[in-house]
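Report on the structure given below.
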Amino acid sequence: MEKEANTSYPEPKLPEVYEHGAQHVFSLPQSSDCWKECLNMVDEYDANRCRGWREEIDTLLVFAGLFSAVVTAFSVESYKWLDTDPEDATAEILIHIANHLNLLNSSLPTTIPTKFNPPSSSIRINICWFLSLTLSLTAVVIGILCKQWMREHRSNPPKFSSHKDTLLLRQMRHQSLRKWGVSGMVNTLPLLLECALILFFLGVLDLLWSLNQIVAIVITIQVGLAILFLVATTVLPTISFTCWKPSIPCPYKSPQAWLFYQFTDFILPRKWPGFGITVNSFFRGLSDWFSSDTFHSSYVT
């Protein structure tokens, strides 16, 4: 015990202060270029992000084209319901002329054809279908513009530029994409198409309810289940990490789910009065879905 008490340990040696001109302890190889290494890392991240955007836009453009063709086929027939049929109008005029000739020597007044008023169901159906077609084509326009912006964003600078200048250009373009909301515009594409799809469903249901009740009930149940699935996957991510706190985070992370989270985070109080339910403060004010994953208890660094 006495020997252990007298044992002394050497004092730690503090690092020497670096002076200009002194030799580097961990010097980089002469052939390495730090700017080039940084540029390669930034370029790889940028290329992966733009590739993901382009693939998503291409998929949505294909769906929008097929969906627009389907809606157009329905709209070509439905817009005729807003005006009189030429054959019916001709027949009505002939009947009016015949009645007028028969009643020339009579004192009875002749009947005048009334102005055509389309049914309210026809108006609602055309509003849904034409608005659905407009939203689908709007998504196509935004998708084409986003692809043009990304092509210019990924265009290579002049060959005589140094790695440092190229890196600065990449950083400036990255900040430009964030500031001007290009990523948000890409995320609006599936939202527009989903709204167009829902409007098309509503028009179909309105048409079926005006024709046959049994068919309308069956299709309404199917459409209701599809919309219920969409709503459930939209709200579950926000509810899971604010109230339930499951062991594994919810993977249903979509643009509409993120929009619902932002809306909920804005209007939801820190504590619901009368219920005693405290909202998890770790998941307030998140910047993206990645932040929710890193804050989750199951995340291991």
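Positions of Cβ are set from backbone N, Cα and C atoms, glycine also.
Straight from TrEMBL, the features:
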type	residues	note
DOMAIN	35-210	domain 'DUF6535'
TRANSMEM	59-76	transmembrane segment
TRANSMEM	123-146	transmembrane segment
TRANSMEM	180-202	transmembrane segment
TRANSMEM	214-236	transmembrane segment
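Over the domain 'DUF6535' (35-210), the average per-residue pLDDT in this prediction is 85. Away from its own ends, the transmembrane segment (123-146) comes close to residues 53, 57, 60-61, 64-65, 67-68, 71-72, 74-75, 78-79, 81-82, 182, 185-186, 188-189, 192-193, 195-197, 199-200, 202-203, 206-207 of its chain (Cβ-Cβ under 8 Å, at least six residues beyond either end).
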